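Enquirer: My structure is below; once you've seen it, I'll send some questions.
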């Protein structure tokens, strides 16, 4: 570590102030810029961040500097950023040293909540667009997030070194879709470092400094937090006024609890302690908080006995996708629980509820911001904690508007949210059912328009608008029921467009829907863990598909098994598992006994673990095959 | 086993006559009841060598480059002697020479082993002595010498009467050889010749199987064993089916094949007495019935299995014994220690009953009350299985019969035995658990 520091210092002494005795009072608000980089996946956000860090001397220039800010293994693998990371950069401009705070953001809209957190600490964004691919669905989503927050947007066209780069076309797209004059675009190659310095100059020139006064009372926004096993909660804060120093007593506006500041400083991106942080600056603070809950994202911190008006809080993360999570084997329950708890320490956007299934045992129902979020969570669970889990197919939260005053009184509210099909109220009890909707944006070459429209129609989508962002690429907006895109929509879209279509979505509220509860029966007996909520139009195909999967995964038995999908008392799909007609080992003499006994005893042991429905033995695998994500 | 323990055992036995000895023996008998019929056993002798490898076979067999018959004979004799002495049985009820291809052994080897048996136990002239025969011209030629050596029953592995199938199976004989061999064997041992046939072969249809059976009936003797081809991992046939080069009939088709064969054989006067075995004129295999009735057996030769009480060292429980697999290693061990037992597992009371149950239900007559009582004098079948809901389900489904005669499978049940057995084992286990907790309370 020491070696690394020395090396970086010797390289950048003329650029950076004396890091060992950093006096943060030398950076008044006028010489501070807070900004984010936003981009579609793989457009080069993290590579640009690496270059900015190198140029300003925050990290040494080595070949291994690949996406320094992407700390999680899953982030490096998937080329996405999940957890927002922050780095303070010192930059010389016109003879002055500026403090540029780069607040990195997740690249996917599932994490738009994280994006909005980060954005609220910024005054501007760099909107990266790939010079070859042009505007993609997430570029649009990210643009609107920044636009609505009234931030300065600097369009940056990256990868101009690529053979097929066409920056001119991309500039035209930006002009057409975002109404930003093409002269404002900066053409760069983050990989080669081309024009990256110009990006920094423009950050200083175009992005306004934060509006914060050092003479005001101390007031800071908690925009992120991480958990460290040795030091407790590390909160990332943006100072909206005043100053804070080591030893100060601070108070959380949300909880009213007070803490003493043990350590604070800059993130470069590694923690770099300082004595004091001043208005407009961004950094970290460690103040003896034991749980992430104590550093709620969006909370306001102030000095003891010097209360301030709290900053407008953030909306709490809203779970859009739910999935059951169970240990592969119940003996792993405790280990999995501790793994889930550890992950949740660093991801407050996951919600958790205990759940249990007759087939899969004890587990949890987890709520995620979106599909990618769920996948990332699972992958982290597997990679970082070595836990093997069964994850059930995702479902969405439905709602029901209750019909009578009596029912409303019973539930304590008029509109109830249904996460578990077992709680689905009967039609006679409700005025209407509601399902969550999303506004989906698809950008694709126009050759695929026909196919995409057919796919979307099959997903009950309603087209909202469509326009050409250049001669060959079209942007189509659809309102989708969220349920229709949670399973395999994106994969289908990708494969039918040879990978050229991009897709993104944002919350679009709830709409009334013809929802029904579908049961699955084995020889007439309902299997409660398989009950599911579906749209009436999809009942037949969904019922048939699940019956087929059950047929494939329940082994033949000594009698015939009817596998049925039912709505109320009406059977809408049926498959038959024919009875075994022969199952006996042909040969069994003296030399076969040992092997035969071993096999039979294994089967007998296995039978103990089977779930018995009526007289049918159903192996756990069958439930897994039906319930899990494909 | 040390000399000291041996002496202690002998001492205990000498006390038999005294009152103290009687009490001592009773206490042993209640905690470790000596399994029944410990005084006799059948003998299985394994000949591990084959001339060539059949495409479906993963059995313990070796293709030798050169073979020393004298060494092999000496070792088989030596191990027979050792194990007979360990078991202290006074009578050998039957002998079976299996393999491999035991008809490749020299008749003098067979004679020598039988002589050894007679030297250490009683082997009646009437005792069944079976030899597995490969129906090759060479095999046929030596049949007479084998009978002179003491063999009185032949089991001929004809497998199929269709030459295409025989080629697919990699057999070294054709259907004509098979017919000749059976005919010769019948002349030598009338009424004591069995034929093995296989079904569910690649490319076989129900119709072709039935016509093959019809062809077989007029030429075969009084015993038929019927085996469904099982694809064993690692065999050439498995690979061929796995790669799609060959295809075998599906489950539904093999079920029809099995049941139609049972019908055809029954009509021809053959009574099915076990899952795979049919006999007329009651020409059943005494030796094999021993396995299904849970009797003791001693296994000699590379990879052979045995189940017997080691009475010579004071054993009170049966042991499941497995001999060393590789012939060369086995030979060395026999030469050094007198036997090549590689693995010994004690069978406790529960373990023994499990085997009695699993093996007994393979027979058409099932497990009679008397048969079960031999092994379980305290808990009868009714007590153990009578109250079980699942057994009642099997009965209601017409698969199983439990009454005062005993426990047995129906005609339909026999074909589904492997689906029934795990449940039966669980019921047995639950009974013992319950029994145990009640006993403690």
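Glycine too: its Cβ is placed from the backbone N, Cα and C atoms.
Annotations per TrEMBL:
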{"type": "DOMAIN", "residues": "A:30-211", "note": "domain 'Tr-type G'"}
{"type": "BINDING", "residues": "A:39-46, A:104-108, A:158-161", "note": "GTP binding site"}
Enquirer: Averaged across the domain 'Tr-type G' (A:30-211), what pLDDT does the model get? Just tell me the whole number, please.
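Expert: It averages 83.
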Enquirer: Translate the DSSP assignment of residue A:45 (GTP binding site) into the three-state scheme.
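Expert: It is helical.
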Enquirer: Using a 10 Å cut-off, grab the number of neighbouring Cβ atoms around the Cβ of residue A:45 (GTP binding site), all chains included.
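Expert: Residue A:45 (GTP binding site): 31 neighbouring Cβ atoms within 10 Å.
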Enquirer: Give the number of CB atoms, excluding that of residue A:39 (GTP binding site) itself, located within 10 Å of its CB.
Expert: 25
Enquirer: Which secondary structure state does DSSP assign to residue A:160 (GTP binding site), in the simple three-class scheme?
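Expert: Where residue A:160 (GTP binding site) sits, the three-state DSSP reduction gives coil.
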Enquirer: Hey, what's the Cβ neighbour count for residue A:160 (GTP binding site) at 10 Å?
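Expert: Residue A:160 (GTP binding site): 21 neighbouring Cβ atoms within 10 Å.
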